[in-house]
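Database features, via Swiss-Prot:
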| type | residues | note |
| --- | --- | --- |
| DOMAIN | 65-223 | domain 'CP-type G' |
| BINDING | 114, 115, 116, 117, 165, 166, 167, 168, 169, 170, 171, 172, 173 | GTP binding site |
| BINDING | 247, 252, 254, 260 | Zn(2+) binding site |
């Protein structure tokens with residue numbers, strides 16, 4: 001038996017890399033009995049059934065440290081959330097949705113702001129400052145003149161990384177620059193509606209020369225957070241945490257309660273209004289979904 005990493009799954013076939021060799025595998029019936037479904041990113045134990053043709057069977061799945069639902073990927077170390085600084089303009093509420101979802105999975109986040117060549121650096125300074133103050137690393141990139149690509153490559157080394165973000169922001173183009181040995185399909189950006197066409201067909205791990213892995217995922221127009229309760233949401237806004245301890249009530253959801261540390265910090269300029277606006281929007285989504 002050999003231990004490998006599942007890098008792709010299509011139509012019941014699982015492609016597992018073992019010592020730089022890729023084996024086409026099927027899952028044994030015991031996995032179904034255990035109600036285990038192999039996921040891209042899983043570490044698995046396989047038996048090689050045909051070395052010449054690189055065929056095998058998956059015997060077992062090792063415990064997962066993380067599991068994303070959308071995209072469905074296991075054992076992710078970090079999420080790089082890619083947004084463009086223009087064309088399309090960054091949607092801060094959507095960005096915050098990505099951040100909250102990553103926080104609920106306890107996965108590290110790096111924010112990548114792409115298409116820097118289309119604006120002046122000082123034009124994005126405020127946006128960068130907002131999220132660096134919250135505590136998220138921010139990388140500025142441009143695939144057209146290689147700005148930030150070396151910094152991005154360093155962040156990827158030795159880790160399994162999900163690239164996420166809305167369509168049209170340049171995820172696949174960035175990856176094509178970082179991974180010259182792989183060509184990912186890119187879509188045209190519709191100038192009429194400033195929203196890219198979905199081009200990624202399936203989830204796949206791509207090997208890095210620096211002993212890491214990346215996943216290119218479909219762009220998202222929304223993220224579902226209805227699994228959270230109203231009183232839980234603020235726990236994942238990491239910039240709220242220092243001020244929430246000053247709330248009178250432990251159950252404070254930072255809306256209309258008296259003596260709310262978060263609202264006080266907001267009025268004092270210690271919290272950013274756009275982040276609180278995102279919080280209010282998400283609270284509204286959770287309340288709406290609870291009614292149905």
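Backbone N, Cα and C define each Cβ position, glycine as well.
Structure with Swiss-Prot features highlighted.
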{"residue": "114", "record": "GTP binding site", "Cβ within 10 Å": "27"}
{"residue": "116", "record": "GTP binding site", "Cβ within 10 Å": "22"}
{"residue": "165", "record": "GTP binding site", "Cβ within 10 Å": "26"}
{"residue": "167", "record": "GTP binding site", "Cβ within 10 Å": "21"}
{"residue": "169", "record": "GTP binding site", "Cβ within 10 Å": "26"}
{"residue": "171", "record": "GTP binding site", "Cβ within 10 Å": "30"}
{"residue": "173", "record": "GTP binding site", "Cβ within 10 Å": "17"}
{"residue": "247", "record": "Zn(2+) binding site", "Cβ within 10 Å": "21"}
{"residue": "252", "record": "Zn(2+) binding site", "Cβ within 10 Å": "20"}
{"residue": "254", "record": "Zn(2+) binding site", "Cβ within 10 Å": "24"}
#### Entry: Integer Cα-Cα distance in angstrom, residue 173 (GTP binding site) to residue 260 (Zn(2+) binding site)
45
### Task
Measure from the CA atom of residue 247 (Zn(2+) binding site) to the CA atom of residue 116 (GTP binding site) and give the result in Å, rounded to a whole number.
40
#### Entry: DSSP three-state assignment (helix, strand or coil) for residue 173 (GTP binding site)
helix
### Task
Specify all same-chain residues, apart from the site residues 247, 252, 254, 260, whose Cβ lies within 8 angstroms of the center of the Cβ atoms of the Zn(2+) site, ordered by sequence.
234, 244, 248, 249, 253, 255, 257, 259, 261, 262, 263
### Annotated GTP contacts 114, 115, 116, 117, 165, 166, 167, 168, 169, 170, 171, 172, 173, maximal Cα-Cα distance (Å, integer)
19
### Query
Which one is closest to residue 114 (GTP binding site) in space, judged by CA to CA distance, out of the binding-site residues 247, 252, 254, 260?
254
#### Entry: Cβ atoms near residue 260 (Zn(2+) binding site) (within 10 Å, other residues, all chains)
21
